[in-house]
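As given in TrEMBL:
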type	residues	note
TRANSMEM	6-26	transmembrane segment
TRANSMEM	129-153	transmembrane segment
TRANSMEM	165-187	transmembrane segment
TRANSMEM	220-241	transmembrane segment
TRANSMEM	248-271	transmembrane segment
TRANSMEM	291-309	transmembrane segment
TRANSMEM	329-356	transmembrane segment
TRANSMEM	376-396	transmembrane segment
TRANSMEM	417-435	transmembrane segment
TRANSMEM	441-466	transmembrane segment
TRANSMEM	498-518	transmembrane segment
TRANSMEM	538-559	transmembrane segment
C-alpha cells in the first residue's frame, strides 16, 4: 500500500509540475504577443499602454483571436484563424519539405518495432517485409488521394470532413480521429521516454539501478517514468510553434536519424555476418488457414500504423505551395522507405539477439541499445530514437489532435492550445501498458484501424467520385449555406448538418469488426468465427464502406452538393478583397480589384 501511495504521490507531483510549466509557457507566449496587439497602434500614452498590459496580465483572454476573413464573419462557432484556409503567402512547404516530412515521419520507433513484432508472433523476415511493402503500397494511394484535397483547397481535415459528413456529422470523424491521435502521442512518449532513460543511463550508470517505487503490475519503473516525464517536458516548447516554423526540425531529423540508423544496420552485419537467427529461420509450419489469418492480422496492423494519416493528410498538405500532383510521389516513396526501415529493425533485432545471446528478439530498439558496452554509442544511439519520436509525435500526432480539438471548440482552442491539451491528456492513457508486449501492440494497432478505414473511404470517394473534385470552400464554413447542410425530414421534422449516407456507410464498415474487437480486449468472450473479420478490419471496413457510400449516393443523391464549379480559397479571399493575405504585388492587387469592380 505504501508503494502504491508513494508512486501515486510521485506521479501527481510531476503532473502538477508539468501543468505549472505549461502555464508559464502559455503565459510567456501571451505576453510575447501583447506588443503586436492592434491597440498599440497610434499615439496612445505610455500610461495607457502600461495599464493595458497590466490588465492583460491580470485577466488573460480565454477566447482565441478571430480573424476578419470572409470565412470567419458570423461563423465563430465553426472556425478561427487556424481553421481558415491557408493564404497564399503562408504556404511554405515545397517538394523538399514534403519529402523531408515523410522521411522524418517514417523513421520512428513504431515502424522499427512493427516489423520486428511481426517476426515475434511467428512469421519469417521475408513475410514481414512483404507485409510491410504491400500494406504501404495500398496505403500510399489513400494518403496521396486524401492529401491532394488539402493541397488543392488548403483546408484541414476537420473542415474537409464537413463536405462528406455534414457540419454536425463531421464530429463522428473528428472525435474518432482525435482519440486515436492522443493515443499515438502517448505511445510515442513511451518510446521517447525509453530512449531518454537509456541516454541518462549512459551518462550516469547508477540511474539505471534506482529503487523502483512503482508496482510491477503497472508496466513501468521509476527510472522509466522519469524518462517519460523528461521527454514529455522537452516536447512542450515545440508544441507552441506554428507548423510552418517546424520545417527545420523535420529537415534535421530526416538527415540525422537515417544516418544513425544506417550505422546501426552496418553494426548488425559486422556483429553477425549471417544476420542472426532470423535470417536463417525456417519457413512457418502453420496450417495454411491459420497462416492466412495471421498474415491478414499483421497486414491490418501495418495498415493501422498509418491509417491515421490516410484520413488527415490534408492537415499537412494544406501548407503546400506546389502542385497537388506532387502527392503522387508518395506512391513509390512510402513503400520503399518504410520497407527499408523495417529491414533495419529486423536486421538489428536479429543481430542483437544472436550477438548478446538473448532469450528473445529485442523488438524494442532501446532494449537492444542498452546492451551495447560503449556508453557513448548507447547515448547517441538512444538520442537518434528520442529525436525520431519527437519529430513524429509533433508531425503526425500533436498537430493532428490540435486541428481536431480546434474544430470542436474554435472559440477557445487554436493549434497551440490544442497541442498542449493533447500533451496533458496523454498522461491519462497509461501508454506503457499498451507497449508492454508485442501482442498488445498488435492488438492495439488492429483496433486502431477499424474506425479509420471507413472514414478514409468516405472522404476519398466523396471528393473524387461523388462530387467530382468540386467543393465550395466558403460553404464549408457556413452552416446556413444549403450546399453541405444535408437537410432531410424524419417524421415531419427537419434535420440538417448530418449526411445520413456517410453515417450508414460508416456503421456498415465498423460493425462486422466489433465481435473481433471485443474478443481482442477480453479473450474470455468467445465470438467464434466472428473474430475473422477483425483480422482484416481495415480492408474490410474500407471496401464495405466504399460500396455502401457510393450506392447510397447514387440512389439517394445529395443534389445540392453537386456544384458546377469548384470555389477555391484564393477566389474567396479575392472576392472579399483580403488581398494582403494573398502575398500579391501592387500590380496584381490592382488587376484583381479592377476585375471585381
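A Cβ is built for glycine as well, from the same backbone N, Cα and C atoms used for every other residue.
Contact between the transmembrane segment (329-356) and the transmembrane segment (417-435) is not supported: fewer than 3 Cβ pairs lie under 8 Å, counting only residues 6 or more apart in sequence.
The stretch in closest packing with the transmembrane segment (129-153), judged by the count of Cβ pairs under 8 Å and taken from 165-187, 220-241, 291-309, 498-518, is 291-309. Away from its own ends, the transmembrane segment (248-271) comes close to residues 96-97, 99-101, 103-104, 107, 238, 341, 343-344, 347-348, 350-352, 355, 380-381, 383-384, 387-388, 390-391, 394-395 of its chain (Cβ-Cβ under 8 Å, at least six residues beyond either end). Counting Cβ pairs closer than 8 Å and at least 6 residues apart in sequence, the transmembrane segment (538-559) and the transmembrane segment (376-396) reach fewer than three and form no contact. Of the ranges 220-241, 291-309, 376-396, 498-518, the one with the most Cβ pairs under 8 Å to the transmembrane segment (165-187) is 498-518.
Within the chain, the transmembrane segment (376-396) has long-range Cβ neighbours (under 8 A, six or more residues past its boundaries) at 101, 104-105, 107-110, 184-185, 188-189, 191-192, 194-196, 198-199, 201-203, 231, 234-235, 238-239, 246, 249-250, 252-253, 256-257, 260-261, 264, 308-309, 316, 365-366, 369-370, 419.
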